[in-house]
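K.L.:
For reference, the structure I am asking about is given below.
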Amino acid sequence: MSERKVLNKYYPPDFDPSKIPKLKLPKDRQYVVRLMAPFNMRCKTCGEYIYKGKKFNARKETVQNEVYLGLPIFRFYIKCTRCLAEITFKTDPENTDYTMEHGATRNFQAEKLLEEEEKRVQKEREDEELNNPMKVLENRTKDSKLEMEVLENLQELKDLNQRQAHVDFEAMLRQHRLSEEERQQQEQEEDERETAALVEEARNQRLLEDSDSEDDTAPAPSRPATRPNPTDILEEAPKAKRKVESWERSIGTLGNRTQLSGLVVVRKTDLDRGSQPGQKAPGPAPPHNRWKAADPVPRVPGASSLSQLGAYSDSEDSSGSN
């Protein structure tokens with residue numbers, strides 16, 4: 001079995017290449033090639049811009065009956081990316097460029113048009129000089145005159161530059177330094193003004209806040225003192241008297257010994273009752289005392305309140321022991 005990829009093919013001894021049939025292809029045969037747009041163009045149908053470098057699958061063919069110095073000229077067919085209109089352009093080996101045929105207009109070719117116009121004028125002039133010797137003399141005179149004018153203008157420009165060339169660099173530096181100092185001073189003054197304005201604004205804000213806080217914490221305005229009524233003194237005395245009476249009714253008078261002694265009750269024995277048959281039973285406690293004696297007895301003459309209190313406590317102890 002032979003190899004699939006080989007460098008040499010086997011030709012039999014009786015091989016005759018002239019017997020191989022040749023394909024008869026048309027001369028205007030078209031090939032599909034991949035290319036990029038050679039220049040910026042705009043579609044005439046829809047106005048779509050096609051920029052230089054955009055890739056297309058184009059059809060290529062050889063232009064019949066057009067040759068430049070033995071070099072064939074090729075034509076390319078592309079389609080607009082928006083409306084699919086056909087656009088054609090061909091090679092231009094004379095100018096090493098491409099020329100637009102139909103379907104679009106080329107953009108940004110003002111320089112190319114100017115160059116073409118200059119070439120056309122130059123060609124017409126050469127044709128005139130070729131058949132008319134006097135025209136050659138006139139053109140040479142015009143050229144020399146134009147050259148002299150250009151030289152004069154150039155000399156004037158040189159003189160003007162030399163007159164303006166005497167510049168005092170020290171003065172320029174001094175002026176620049178002064179202008180820089182003035183600019184810095186102006187910036188410093190502006191900064192100071194802005195700082196002062198900010199400080200003033202902060203002070204005013206603080207004063208407003210302080211005034212608001214004082215207004216919030218200010219006491220209510222005091223009422224004007226009313227003038228005393230001359231008859232109020234007559235009402236004050238009964239009020240004080242009533243207060244004293246209510247105190248005595250609830251607590252009793254502390255300075256009166258007899259009223260304090262009424263709080264203490266002395267328990268009497270049978271012997272004491274028999275020794276004093278003619279003595280009357282003590283009456284009820286005074287109405288102004290809140291505490292009433294359970295078994296009121298008359299006060300023993302010659303005995304103090306403290307002695308009666310002691311006797312009362314002894315009687316309580318004895319009763320508790322019994």
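Each residue, glycine too, has its Cβ placed from N, Cα and C.
All annotation found in TrEMBL is predicted automatically rather than curated by experts.
Pasting the relevant annotations from TrEMBL:
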BINDING   Cys43, Cys46, Cys80, Cys83  Zn(2+) binding site
COMPBIAS  200-209  compositional bias 'Basic and acidic residues'
COMPBIAS  218-231  compositional bias 'Low complexity'
COMPBIAS  236-248  compositional bias 'Basic and acidic residues'
REGION    200-322  region 'Disordered'
K.L.:
Quick one: which residues besides Cys43, Cys46, Cys80, Cys83 have a Cβ within 8 Å of the Zn(2+) site's Cβ centroid, in sequence order?
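P.N.:
Near the Zn(2+) site, beyond Cys43, Cys46, Cys80, Cys83, sit Lys44, Thr45, Gly47, Glu48, Thr81, Arg82, Leu84, Ala85.
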K.L.:
Can you name the residues of this chain that are 6 or more positions from Cys46 (Zn(2+) binding site) yet have a C-beta less than 8 Å from its C-beta?
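P.N.:
Expected: Cys80, Arg82, Cys83, Ala85.
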K.L.:
Where among the binding-site residues Cys43, Cys80, Cys83 do you find the Cβ with the fewest other Cβ atoms within 10 Å?
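P.N.:
Ranked by other Cβ atoms within 10 Å, the binding-site residues Cys43, Cys80, Cys83 bottom out at Cys83.
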